[in-house]
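Structure first, commentary second.
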């Protein structure tokens, strides 16, 4: 029994699942003539799902109303029996009275059987259809049961439809699947012809001849069936109070044992049309969205239920056949078919499937041919929008001779509120882009567009209107079509403009200019349009150019455009207006080749805010024409240049990491006719930057160049003349800086070309300049000794003899590496050879190796074998004053015969003449400007030194370095390597000697004797005899 509820409950689940999911961006909207501003709304009871189905209804007097189904309306017993409402048409809307039907459960005893109907949750109004003055409202979940003694048929949703004539008050009911067969019989017959789960009326339509056709997707145990009966016979055979009766003229489709139909929901949607060429018969279009294991299909049957065509879905579970519609969209007089698949999934660029929905258009060919492949696919654009859930023929909405359609996406549009898209018919079928997009005026979850009806003129203005149901909001919106004004626009202008013919004068400056006339003509036609019509005409000159770069202007205003208000008379015959324009001076613009485009656009005058215009403008509202400038290019007025370009480069190769500057030297020539807007185009590689460009043309030494992007590549464009005249030759030198070459490869390429805007042979051949890229690094190794020299006594004093507490002075050998660039180096290896291994016979005791700057060093053999704490005070000589070994003033004197005579010449102590300590250092990477240093701390080993009292030494260390690679993909010019040596001079001082006393006495006496002789000589020459200057008293006495 639960299975019987599947079809519509599944539908409801499909429609409600995505109310909480967000939609994608809406497609652009092109407004046509459905007024989206001045809407009419009808509302039903809250929670009734008012708007689940709807249709137009005309009574016998031609009055139009809207019949609306609300399948969850509460009945008299406050149970959800459903309901149907009839809304009289008023522009301002209004109340919708409900149609009265018998909504009570019924029980009748017929012989030994008890017949029962159950109308709670029957879904009255799940489908409604109007024909003539009759309204058909169906309740597909009305349940039925037959009891006989201890047996029953089981309570199942056979479905039923109620018919009403509102004017006469007549009522009837039609339930083609009711029967009195018990469940046991169905089981014995393997459920053949089992109609207990029909859900008759799930879909419904009435033919022009008045035959009611019902889809019952649960019939024959969910294979589906179709029931047909004339409306008149239903009324005539109906007897109130009788629950089981027979319409003699009805017909039902056949049961099938084909597995493809199992659970296919055949009858889920239904439509009628003409598809066999016989105008006296009507064919049935039946949708089965889960046919053949959810592939879906639509079948076209004749009046005897014989299949004429079968259209298969293209994607599993797309629900192909959820909706069907029949209309003639290409104006050939034959019905065409549209099929909706709202769950169709599209494969997108990210290889993910997106559920967007799709509508298939099948154009009926001439002759008795199958429909074949779809002529057009309309695919939704919004994720989970359910595009194609409903399709409605609109009639000829814009009165162009072709019928149009509306397609709903109930969960598309802004915030998933719903959207209806209008597609216009044309001779090829339908236009692939919507002419108008109607966004829901209701909040999210309204399912705006779940039901649609069109093709009826509700306001009697000669244009068909559209009604849209939004059962989630319990409302219906009426969109009225506005009259369409079809404009005809003509623009006349001369073919060419000769700059040399200056027949006009600018009013302000009296400057002669070349001028020409522009004639504009505008007319309008349309059905039921106003007698007086006002249009705005906007004229734009040279519209493809920026406003400041327009080449032609209006003579009077010197502007590039104008707007005119045109009043069309009662017959709307074309009116014309002429204005004059002029060509600007050639020095004021560059482009002399491209056509000068003039455009005329016609529009309706603006309306007040919130008000829609009374008519819609359509047709040729925009027209453009073009003229051109006469050039000095021979009789054909077509210039054909012959552009030549040669180029070379200086400053190569390029070095990675360096600030490279290249000079591109180019020679440009034109051996043909003038090249207009000629320019040199230089495509710069990655890392290159334009600096400046110079030419050898007098007066134009510095070229005007600009940069722009073309296909993600920076291009330098330098002007070469407008035009670049015949036989012109220009030498160009362009400076370009190039950096960031780490990923450039072994070369970079400059692409050079001369371009022009000429139509024939506009460009030169492309010249490629390949500049090699190389890597290089200059690494410098320097060494230093601290101090550079030492002075040590030649002999050992008593206090220091055999003493291990007093070490010799410190000696430091420092090696510094500096990468001067421009590149980075990898795998730097430094090897330092030091004389001595800290043994008693060595002159140096090596205390420690101190690397800096990332170096990792490993000495061999290990240093400081005695574990001397070199943090304790050890004599450290000043680099300015060489250190001496400390001695007391009292000297030790050797016996006279043993005194040394003189010091020996310095002896070189290196790894070539002494045991050696080797220090190996490695640095993984050394960037440009980086420094690294190794300091070797040592002190003199005095016991070994004093064993050779007269020897002087030069202590020499030696260092080498090399680099294994440079971290670039380009070959290096060379791998850095080098060496350095450090020397420390070790000098000896002899013992001081005592001075004899007689040497002192002789020196004193000699000094006194020399002083006496000096005084006597000075006295002899009168040095001590002086004349005093006279005093004042002496002068007075003299007077």
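First residue shown is number 1, and so on along the chain.
Glycine is treated like the rest: Cβ placed from N, Cα and C.
Record note: of 49, 113, 707, 891, Swiss-Prot gives the feature pyrrolidone carboxylic acid to 891, with no matching annotation on the rest. Listed ranges 968-993, 994-1019; the one Swiss-Prot annotates as transmembrane segment is 994-1019.
According to Swiss-Prot, the feature motif 'GFFKR motif' maps to residues 1022-1026, out of the candidate ranges 962-966, 1022-1026, 1027-1031. Counted with DSSP, the repeat 'FG-GAP 5' (306-371) comes out as 0 helix, 29 strand, 37 coil. Excluding the listed site residues 396, 398, 400, 402, 404, the same chain places 395, 397, 399, 401, 403, 424, 425 with Cβ atoms within 8 Å of the centre of the Ca(2+) 3 site Cβ atoms. Taking all protein chains in view, 18 other C-beta atoms sit within 10 angstroms of the C-beta of residue 274 (Ca(2+) 1 binding site).
With the fewest other C-beta atoms within 10 Å around its C-beta, 283 stands out among the binding-site residues 283, 336. The local packing around residue 400 (Ca(2+) 3 binding site), expressed as other Cβ atoms within 10 Å of its Cβ over all shown chains, amounts to 16. Looking just at the repeat 'FG-GAP 5' (306-371), the mean pLDDT is 94.
Residue 396 (Ca(2+) 3 binding site) is surrounded by 19 other CB atoms, counting those within 10 A of its CB over all protein chains shown. In the shown protein chains, 15 other C-beta atoms lie within 10 A of the C-beta of residue 334 (Ca(2+) 2 binding site). In this structure, the CA atom of residue 400 (Ca(2+) 3 binding site) is 29 Å away from the CA atom of residue 281 (Ca(2+) 1 binding site). Closest to residue 459 (Ca(2+) 4 binding site) by Cα-Cα distance, out of the binding-site residues 274, 283, 332, 396, 404, is 396.
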